[in-house]
Amino acid sequence: MSQHPRFIATWRDELPGFYTELTPTPLNNSRLLCHNAPLAQALELPETLFDYQGPAGVWGGETLLPGMAPLAQVYSGHQFGVWAGQLGDGRGILLGEQQLSDGCKLDWHLKGAGLTPYSRMGDGRAVLRSTVREFLASEAMHGLGIPTTRALTIVTSDTPVRRETTERGAMLMRIAESHVRFGHFEHFYYRREPERVRELAQYVIEHHFAHLAQEEDRFALWFGEVVTRTAQLMASWQCVGFAHGVMNTDNMSILGLTMDYGPYGFLDDYQPGFICNHTDYQGRYAFDNQPGVGLWNLQRLAQALSPIIPAERLNALLDDYQPALLREWGRQMRAKLGFTVEKEGDNDYLRELLTLMAREGSDYTRTFRMLSETEQHSSASPLRDEFIDRATFDAWFARYRARLEEEGEEDDARQRLMKSVNPALVLRNWLAQRAIEAAERDDASELSRLLEALRNPFADRDDDYTHRPPDWGKHLEVSCSS
């Protein structure tokens, strides 16, 4: 293993005018709080880079590694359905692009790195609370198999940062194949610079959709893949019970990654209209609205791409979104029920169960995990005691067991399949809050313990991580402030 990773700078070299070069602004008395050891190993990084005793170094923006060329990218976007103009990157700096030994290229993005020319009225900082939440969420989603940016390190400090209250400044090193957002394209479309839209699209195709690079119709084919990836991501969110909270177009990844973890939340009680962001007064980004918002955001991206793709082709590709969404959602939800063969009427079993869960406020994650224990030849179910309306549950469960018998699968094999898609553990807000409170005392032990559990969310476990949330943790409100 080399002493230092190798960095290249394709964004800087190939896209002049898309960024401003600058270096991070360090925090006061910054120090490394935690690092993601499995990710560090995948990135071929030596352990000597992670020094918990000395200065924060590269993790706190105090030094740069050889080959790094730090810059802030420029992008715009729609926020809560309204064009907001230029938005960022107001506190994040792309330090460089790491070239791995297998040829893979990954961004190193330092969040909370200080003011940039795109900071608007912001202070360029992130607080410890939000960096811990993003660190945990990105690794939780990765553990669930959902496309996401990753988190490598958290640095804490003695720098005070004002939000609703005064909090501790922090930085997070985010790793991703790309940080290109829908809003990057919108920025140049609204600036009436269609040649820049084409230039950026060509860059994205060459670096991230190389199989399309030689196609004459490459721009349309690429947009079609973005539509499909976005539809599949929305389906995955719905199936695991994840609410993003702030699906503005500048928070949408061109690669179909979950990114920009802010006021997110995983469902506790199954509430289809769950709103995790307490500043989302109209419920625009409520849980059950997310698939529709995904399409709306794609329509905004299509508008930005209209200088390089004919309108009729864009509309035809957008029409593929709903079928792709329903296919992926249906595939994943059938697996959650233990159905490996698609049959007419399968959606009825799901709709009836979800209706009962919504009426009774059943815990989303626990219900499907307990359903995984079903024995098709037994009328008894541990899930029965979770419902007040047991007559309705009994009637549904009898039909469900009959449907399972049609699968012809032994209980053990089916239960293994169901447990591989129905997690025992998700990152509930109260679990994150407990880790945050410890981290604010410079104690990373709960953060490390929770992180280890989130890496294996499908494993059988019986501890406080899988119990119902306590009363104080059931309806925690989360805001956009970070």
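Glycine is treated like the rest: Cβ placed from N, Cα and C.
Look at Swiss-Prot and you will find GLY88, GLY90, ARG91, LYS111, ASP123, GLY124, ARG174, ARG181, ASP260 tagged as ATP binding site, backed by sequence analysis. If you draw a 10 Å sphere around the CB of ARG91 (ATP binding site), it holds 23 other CB atoms from the protein chains shown.
As annotated by Swiss-Prot, active site, proton acceptor applies to ASP250. Annotation note: ASP250 (active site, proton acceptor) sits in a helical segment as assigned by DSSP.
Summarising the annotation, Swiss-Prot assigns Mg(2+) binding site to ASN251, ASP260 and lists sequence analysis as the type of evidence. Under 8 Å, Cβ to Cβ, and six or more positions away along its own chain, ASP260 (ATP binding site) finds VAL246, ASP250, ASN251. Under DSSP, ASP260 (ATP binding site) is assigned to coil, being neither helix nor strand in the three-state scheme.
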Measure from the Cβ of ASP250 (active site, proton acceptor) and count the other Cβ atoms within 10 Å, all protein chains considered.
24
Candidates GLY88, ASP123: member of the binding-site residues with the richest Cβ shell (10 Å):
GLY88
Per DSSP, ARG174 (ATP binding site) is which: helix, strand or coil?
strand
May I ask you to report the DSSP-based helix, strand or coil state of ASP123 (ATP binding site)?
coil
Secondary structure of GLY88 (ATP binding site) (DSSP, helix/strand/coil):
strand
For the ATP binding residues given in the record (GLY88, GLY90, ARG91, LYS111, ASP123, GLY124, ARG174, ARG181, ASP260), what is the largest pairwise C-alpha separation in angstrom?
22
